[in-house]
Amino acid sequence: MTAIQAMNLTKRYGETVAVADLSFDVQPGQVTGFLGPNGAGKSTTMRMVLGLDHPSSGSVLIGGSPYRELGHPLRKVGALLDAKAVHGGRSARNHLLAIAQSNAIPAARVEAVLELVGLTQVAKRRIGGFSLGMSQRLGIAAALLGDPEILLFDEPVNGLDPDGILWIRTLMRELAAEGRTVFVSSHLMSEMAQTADHLVVIGKGRLITDTSVQEFIGRSSQAYVRVRSPRLAEVAELIRVGELHQDHLRVSGLEPLEIGTMTARAGLPLEELTLVRPSLESAYMELTKDSLEYTS
Amino acid sequence: MIDIVRSEWTKIRSVRSTVWTLAVTALLMVGISVLLGVAITNSGETVGSQEAIATSLAGTVFASLSIATFGVLVVSGEYRTGSIRTTFMAVPKRLRVLIGKVVVFTPVALVVCTVSSFAAYLLGGQLILGTTSLGDPGALQAIFGSGLYLTAGGLFGLALGALVRHTPGAIVSAIALMLILPQLTSMLPGQWGATVHSYFTTNAGMEVVQPGQNAMLGPWSGYAVYLAWVAVTLIVAAVLMRRRDA
């Protein structure tokens, strides 16, 4: 069953369109990366999924119904939006207890999630004094309180040290392996390549691609050979399958050795013959370059 | 609904601002009563029991602002920190959140304010008259009236907090609506001006603490008018809370 289903989701703020006609499905049992440059509309979309912001048009269902119609929603959906959005004067335990009580979740569960994220020792301390890493753990504890089958994380690794990043990455993989739905936003392709099974990529509020990570890697890391020569036009005529650019020829489907042999036989001099394998990051940059809000 | 009330109780008891605003409210009630009592005793004037009641509860005007601040913070504190999103994720039917807050806030405010009023009357009256009796005509009504008046002021603050969502803005509007504008309405001309003045927020509400000041309303009709102001503000806040993005 589809866990999250966005249908023609649109959000306008006056003249500005934050999310435009966005449709996608998120499936259980895998980590789905929600990828896009800063300002692409990821957080706005997540807030609409969670019933916090009202879509200007379109709709989104979570487990088959609108979020606002879920009774005790935290038992079905857990989310971490902004780890610092907590009352700093409260202790970690009271913070979690208030959330648990609102959804009739037993108080024992508070101790369980504190233990799970490793905050038992500081449960009585005021949250205001927590580091970002501790706050992030507390936010994840809150998301896990209701033992939900659907989890949303908005940029969970932002500002974390390598230990914290690894911890969250492992946790998300485990949650998905248990059959849960994990929907996690990020603006870093490299991060998602290591964590996600599926990708929903957006830019300027619009869907760019909705694909499995494997497919994305296969499609975008297709290698080609870059050929440069003082007699480039003749080389292009000889190779035939190449794509002629300003100062070089881009050839897919032939090995450098084959190209070199052909040009040697024809007596054409070569200036460069390089196998180019674009990184995932550059493929992603290529994909989203038209939708960056600010470019340097 | 009981789950939400439990949750709101945990929230309200686990922040320091609750203790602070309630302590300031009690201190204003008792402190002003004692100060005025000492001043009157030293002046050697003799005062009647009615005047003694009014003087010993004079702190009500100021205490209403600290209890309103408590009300404001119960809602605006969540907007300031952003934790309102967590609250609305847990309880997407937002009206229930507001009801839960009112249900928890009201008895806490009522108990603290009524006890403070009793203390203020007993201490102040003792200083002024040398003796106090709860049997004095009008004493009990003024004391309980003060507790009720302050609680309504606290709920007014809570409603404004939900409406304005911004702590300083909500406190400023509470001061304007409860302290400044009620005075300014006395300058309105004609019969309708007098009516507006009599029916304006605390001008109507204070009748239950100090009867006989209002030209058009009695203690309970005045208090009812004050509650109507609070109720309308709460309803507007509830409608906007549903509609606005969190």
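Backbone N, Cα and C define each Cβ position, glycine as well.
According to TrEMBL, the feature transmembrane segment maps to B:20-40, B:52-77, B:98-123, B:143-164, B:171-192, B:223-241.
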Stretch contact, the transmembrane segment (B:171-192) with the transmembrane segment (B:98-123), Cβ-Cβ under 8 Å, 3+ pairs: no
Contact yes or no, the transmembrane segment (B:20-40) and the transmembrane segment (B:98-123), 3+ Cβ pairs under 8 Å, gap 6+: yes
Considering the transmembrane segment (B:98-123), which listed stretch of B:52-77, B:143-164, B:223-241 counts the most C-beta pairs under 8 Å: B:143-164
Intrachain residues whose Cβ lies under 8 Å of the transmembrane segment (B:143-164), provided they are six or more past its termini: 25, 29, 57, 60, 63-65, 67-76, 98, 101-102, 105-106, 109-110, 113-118, 120-121, 134, 170-171, 173-174, 177-178, 201-202, 205-206, 208-209, 219, 223, 226-227, 229-230, 233-234, 236-238, 240-241
Same-chain residues at least 6 beyond the ends of the transmembrane segment (B:223-241) whose Cβ lies under 8 Å from its Cβ atoms: 94-95, 97-98, 102, 145, 148-149, 152, 155-156, 158-160, 162-163, 177, 199, 201-202, 204-205, 207-208, 217
